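Single-structure report; data block below.
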Amino acid sequence: MQQFKPIRVPDIVGRKGGRKIVMLTAYDFTMATLLDSHADILLVGDTLGCVVQGHDTTLKVTLEQMIYHAGMVSRGARQALVVVDLPFGTYQQGPPQALQAALRLLKESDVSAVKLEGGGRVCDSVRAISAAGIPVVAHLGLTPQSFHVLGGNKVQARESQAAAQLLRDARALEEAGAFALVLEAIPGELAGEVSRCIGIPTIGIGAGPDCDGQVLVINDMVGFNAGPAPMRFNKEFGAVREVIDQAATAFAREVRAGTFPARENTYEAAIPSGVAAG
């Protein structure tokens, strides 16, 4: 039997400035098993609200839904570190609420770490969760849970004042105890500067090549998304939707033609006397 060495938080921290970190989203057991040997981190993202549930934003995802999906991913991941998003409404009231949600996620879904969005306003929550022994990934730049405040999915921190604030937030989150930082939809030069100025790994999504790692939403990455068009930073590395369409078309054609199931797809047995219709 093949032996797997699980990736732990210190392994990710140790990759700072070294071999690039690969993070992908996963939402169920099957996808986790497929991605496990390729990714260092599997993120059970609240993006499932869009790509799985069909909502326009991530805001409707509940804690119970995150626990449900994270549990499936944890069962499928034997090697990758599993991180789960704290969904909107589970940490906005402050550290006690945030810690309670993080505790439930770890105890009920067996993940290794949690992720939450925001800068200085969430530092106390990051500190409380970390102090309880739960590893935390922070998230700056385009933070989807702030969709309405930001006015949609737009590139962030293009102006010097906003860039300076993002850098201050990154340092504050590191000081609060975050072990990694996701940077989303910010200029590449800024992401590179943040990466050089903090001691924890940065993982970019639409943040240029100078981060310590990269993440994409799996549905966008493999060309399997029925929702809104992905942002410019996405790259399709596959065409899964086309494969499914072709397979479903072939299946429907054979069923309607009466050629499926064929003999090799059918079980055979002698029919006892008196059972045959007639």
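Including glycine, each Cβ sits where the backbone N, Cα and C put it.
The active site, proton acceptor annotation in TrEMBL covers E184. Of all Cβ atoms in the protein chains displayed, 23 besides its own lie within 10 Å of the Cβ of E184 (active site, proton acceptor). In the three-state DSSP classification, E184 (active site, proton acceptor) falls within a strand.
Annotation source TrEMBL lists 3-methyl-2-oxobutanoate binding site at D46, T47, D85, K115. Its Cβ placed at the centre, T47 (3-methyl-2-oxobutanoate binding site) has 22 other Cβ atoms within 10 Å.
Marked as Mg(2+) binding site by TrEMBL: D46, D85, E117. In the three-state DSSP assignment, the secondary structure recorded for D85 (3-methyl-2-oxobutanoate binding site) is strand.
Least packed by the Cβ count within 10 Å, out of the binding-site residues D46, D85, E117, is E117.
In this structure the alpha carbons, written CA, of D46 (3-methyl-2-oxobutanoate binding site) and E117 (Mg(2+) binding site) are 11 Å apart. Reduced to three states, the DSSP call for K115 (3-methyl-2-oxobutanoate binding site) is strand.
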